[in-house]
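According to Swiss-Prot, the protein carries these features:
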type     : residues        : note
SIGNAL   : 1-18            : signal peptide
DOMAIN   : 19-82           : domain 'Sushi 1'
DISULFID : Cys237-Cys262   : disulfide bond
DISULFID : Cys325-Cys372   : disulfide bond
DOMAIN   : 325-383         : domain 'Sushi 6'
DISULFID : Cys355-Cys383   : disulfide bond
DISULFID : Cys567-Cys609   : disulfide bond
DISULFID : Cys658-Cys683   : disulfide bond
DISULFID : Cys752-Cys791   : disulfide bond
DISULFID : Cys780-Cys802   : disulfide bond
DISULFID : Cys811-Cys853   : disulfide bond
DISULFID : Cys839-Cys864   : disulfide bond
DOMAIN   : 937-994         : domain 'Sushi 16'
DISULFID : Cys997-Cys1040  : disulfide bond
DISULFID : Cys1056-Cys1098 : disulfide bond
DISULFID : Cys1116-Cys1159 : disulfide bond
Amino acid sequence: MRFPAKIVWLVLWTVCVAEDCKEPPPRKETEILSGSWTEQTYQEGTQATYKCRPGYRTLGSIVMMCRGGKWVSLHPSRICRKKPCAHPGDTPFGSFHLAEGTQFEYGAKVVYTCDEGYQMVGEMNFRECDTNGWTNDIPICEVVKCLPVTEPENGKIFSDALEPDQEYTYGQVVQFECNSGYMLDGPKQIHCSAGGVWSAETPKCVEIFCKTPVILNGQAVLPKATYKANERVQYRCAAGFEYGQRGDTICTKSGWTPAPTCIEITCDPPRIPNGVYRPELSKYRGQDKITYECKKGFFPEIRGTDATCTRDGWVPVPRCAWKPCSYPVIKHGRLYYSYRGYFPARVNQQFVYSCDHHFVPPSQRSWDHLTCTAEGWSPEEPCLRQCIFNYLENGHTPYREEKYLQGETVRVRCYEGYSLQNDQNTMTCTESGWSPPPRCIRVKTCSKSNIRIENGFLSESTFTYPLNKQTEYKCKPGYVTADGKTSGLITCLKNGWSAQPVCIKSCDRPVFEKARVKSDGTWFRLNDRLDYECVDGYENRDGRTTGSIVCGQDGWSDKAACYERECSIPEMDPYLNAYPRKETYKVGDVLKFSCSQGRIMVGADSVQCYHFGWSPKLPTCKVKKVKSCALPPELPNGKRKEIHKEEYAHNEVVEYACNPRFLMKGSHKIQCVDGEWTALPVCIEEERTCGNIPDLDHGDVKPSVPPYHHGDSVEFSCREAFTMIGPRFITCISGEWTQPPQCIATDELRKCKGSTLFPPEGRQAHKIEYDHNTNKSYQCRGKSEHKHSICINGEWDPKVDCNEEAKIQLCPPPPQVPNACDMTTTVNYQDGEKISILCKENYLIQDAEEIVCKDGRWQSIPRCIEKIGCSQPPQIDHGTISSSSSAEERREIHEQRLYAHGTKLSYTCEEGFEISENNVIICHMGKWSSPPQCVGLPCGLPPYVQNGVVSHKKDRYQYGEEVTYDCDEGFGTDGPASIRCLGGEWSRPQDCISTNCVNLPTFEDAVLTDREKDFYRSGEQVAFKCLSYYQLDGSNTIQCIKSKWIGRPACRDVSCGNPPQVENAIIHNQKSKYQSEERARYECIGNYDLFGEMEVVCLNGTWTEPPQCKDSQGKCGPPPPIDNGDITSLLQSVYPPGMIVEYRCQAYYELRGNKNVVCRNGEWSQLPKCLEACVISEETMRKHHIQLRWKHDKKIYSKTEDTIEFMCQHGYRQLTPKHTFRATCREGKVVYPRCG
């Protein structure tokens, strides 16, 4: 409890004792005590003064006094406040904000930021308020800049820059544009952004292309993956849709223009007066159908009650019309009564009718009813012809009379040798009676006696033949028809036999004995010549190797036979022995020689009999010592194989080899014969090279570089686990590789069976199997030497055999082939050796080029035949023979008219044509090889036609092909709208020029019937009407034809003056001038009656005949009939004066004149006329390849001035102008358009 006691004591001491103050206390952080205060205490009343820290200020002094041991503030309200700063200052293109503090006073900090597109210069972006004001300078904002922009390749730039390589400031814009045929890949313009970089990368100018357009409810025709600029694509819309603007679109830099769209076809509900339809919808889509029904008394204008919604509206137009039946004209019949007052008749109304003699109604009654139906009168043909069959001239007549209706047929039987007309056996009842008539006429026949076949005969036994009968004729043995057959056919026709049969002399292909012929014919005509050639070693009877036979009347002129040639014993040296000795020797026989009395033989030790005799030359026997030879000669392009010596003995042989790429012709061995060397071979360059190295399964070839020339070799190797069978190297020999080896899997190699000739190995040798590559030696009985054999994939090489080997037969020295290069040698050759033969210049080798030593004699002996030149080369269309020789040389060659064997000529084609194959022909043994052809270059896509559409279906067109094009609406051509592919280029198309017409012409006395338009399409017509008192003289229309107005309406003044004066008559409402067809009425005065028409009519400026007023009591009889018309009232026998009767025409006939006639003075006034209707028949339309556009009846009746619309049948196009397909019926005649 010591601590509490100390506190109490301290308090008491403070109250009672202390009055001084300690050191003045610190007041605030903003104030600093002035002076030095080092004492421990300070007396009562001492004052301490404070001043403000830097950055602060106050009004007056801040003083504290020591009172009662405490420091007390004398002015408590006085404090140090932060020193203020002025406005920090604005910077252009920037702003600032207080980052520290709430006002501009000591310690405040403002931070500047630049506006977008501007950046601050320097690193200091702030100012602080300190004791001396604002620190730092006001920051500066400068505009942001972007690097210069370079023009894109195939493009250019547009900007407001003064210089092309200057920097751009913030906000500046650069626009890009590509050259023609290119489009931008990237933005069209870029701007310098606030970050100092461009808003996007510089675009590229890429070649304009478009992908196949994707068309909603449509598709492109013949689409491709991509299209180039200005390429055009045609497209078609799906069913129920139509083109938005046009049926094609063009690839542009903006894409497909115009955009290909397919708009749905819609139709509004149809308006059908006097009819109803279903289904009833507010809107119909394309191909939607409606079915309509007409009210009672009305009928569809055309057959059928369906209409379809199309782009042209409802087709056909649904209409209900009143269709009564007019007075019927019955062909070959009449109505029982006049009934004139009952027409036109109502539907279902019936009338009794009867038919003329030989005609009956379809019911075959004597009379029947004609009924008015919605489709017209029924039956359609009221009267049909009735044919009676009761007699057949020259034929079998029926037992009883038989009746047939028009259209029915009957089969008849004529007597033998007779027939109906045209060899028919049926008659048909027609409107004119029987066809053909019932009369059998004698049938035309052909007789054997009417024909004589030289060297042939008719094979059938029949003597006479009916019309159109075919029969066979045969030729005698040794004769054939013109086409080489033994028989032919002839036909009996109206004028006799079809043709004179011919049997010509022929010879069958002969049997050749030891001869060959090039012809493949199986038969030959009279005087035909057949050349043949004997095989080697044979000759014909004349001792020649070639011959010919001729086909004559008695067959071939000779037998094509060749006989084996023979050689006789030649004249020899008297000391020369020959064996074997025979009288004659056959081709191939060998004669060997030896000398007697120890003489030395000089030359070949053997000769062979050939088709040209013995060869080589026979040897001689010499007494003296034979001479040796000096060094053998050098071989051009070759070398000797032996080591060089100074001297070579008689009969010593030296071998040669040709350098690489050279081929040896002749013997590769020469021999020293009595001091002279035999003939050297020749090394000629082999131009033929070998193709690709053959593939080796499971093997590889060591790298080598083509081309591979004659003599080049390549090496093969097998892969691991495979073993090579055969030589490692293959060699190129005359353009062909030698046989390559095989690589066989090592574990699949076959083993070789042992042989009894092998030494014993503990068990029977022939039961032992040996692996591949095993080498075995064996010894034949009675022989001291050992033989060796190796196992090669299951076969011993050489074959294990102890049979006595046949002595190898040597061939005599090779022959000297006639017309071949000198190859004289005396060296014998072993079996299998070959020698290549080289013919002399201007000679050509025939058959094999090499002779082969086989079985001790030379075989495959060729011939050297003389080269035959050729005459003038063949000419080709659109091509000529090109030649590098001078004009003089070409003229000399042309004058000679002969080209040497082997001559090569090349052809060149005219411009626009190319060679179809090799352009070179070669003269070979008097004949030229087949010449090439010059074919027209094909063309690519047809060219673009401005304001037109080219119809193309493929990407490539052959020479001469033609393509048509259509000009856009409002455009046309002055010539044919087609182009042709000519030598790789299209002919120039006709321009599609505007065919619209403007500036409608004006006429003095005529005005337009409709409002005038800005322009009119070609083919469009404009109608005019004449002013009052004028009448149109001709057509009232003019037509726009290819931008020109054609036609002129001519208005003629057809008014009339005062009507003619009539005695005893007055004129009602008389005027001084009357319009055409205006009437003036007369009235008789007093007791006078009017005779004639009471009215006169102004017609084309002239009044009709006026009436007369005279006294009469005359009455009229029945009104006279008119063609194709009748009166509307019941017919009476007597009519009082002044009685009016009305006339009406039949359906589709038009009434001309006054329909009312008046009885005056016992006579009827002028009768009207019924103008004939137009009948449109199916036959006429078929000939013109047209059809009705809206109707499908076989016959349509149209009134005068009615318009009939036609269209082309499917697959045909218009041949006449478009306006002709809207024809007008004019008084029974209509002009038909044509399609083709």
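Backbone N, Cα and C define each Cβ position, glycine as well.
Under the three-state DSSP scheme, Cys997 (disulfide bond) falls in the strand class. For Cys780 (disulfide bond), the nearest of the disulfide-bonded residues by C-alpha distance turns out to be Cys791; the candidates were Cys237, Cys609, Cys791, Cys997, Cys1056.
The disulfide-bonded residues under consideration are Cys237, Cys325, Cys780. Their Cβ neighbour counts within 10 Å are lowest for Cys780. Counting only same-chain residues at least 6 apart in sequence, those with a Cβ under 8 Å from the Cβ of Cys683 (disulfide bond) are Leu635, Pro636, Asn637, Gly638, Cys658, Asn659, Phe662, Leu663, Met664, Lys665. On a Cα basis, Cys791 (disulfide bond) lies 114 Å away from Cys325 (disulfide bond).
In the three-state DSSP scheme, Cys780 (disulfide bond) falls into the coil class. In sequence order, Glu769, Tyr770, His772, Thr774, Cys791, Gly794, Glu795, Trp796 are the residues of the chain that are 6 or more apart from Cys752 (disulfide bond) and have a CB within less than 8 Å of its CB.
Recorded residues Cys839 (disulfide bond) and Cys567 (disulfide bond) have their alpha carbons 24 Å apart, per Cα-Cα distance. Counting other Cβ atoms within 10 Å of each Cβ, the disulfide-bonded residues Cys383, Cys811, Cys864, Cys1040, Cys1098 show the lowest value at Cys864.
Cβ-based neighbour count (10 Å, all protein chains) for Cys567 (disulfide bond) stands at 22. Nearest in space to Cys997 (disulfide bond), taking C-alpha to C-alpha distance over the disulfide-bonded residues Cys1056, Cys1116, Cys1159, is Cys1056. The two recorded residues, Cys1098 (disulfide bond) and Cys853 (disulfide bond), have Cα atoms 126 Å apart.
In three-state terms derived from DSSP, Cys802 (disulfide bond) belongs to neither a helical nor a strand segment and is classed as coil. DSSP assignment over the domain 'Sushi 1' (19-82) gives 0 helix, 25 strand, 39 coil. Mean pLDDT for the domain 'Sushi 1' (19-82) in the predicted structure: 85. Cβ contacts within 10 Å of Cys802 (disulfide bond), excluding its own Cβ and spanning all protein chains shown: 15. Measuring Cα to Cα from Cys864 (disulfide bond), none of the disulfide-bonded residues Cys383, Cys853, Cys1116 fall within 10 Å.
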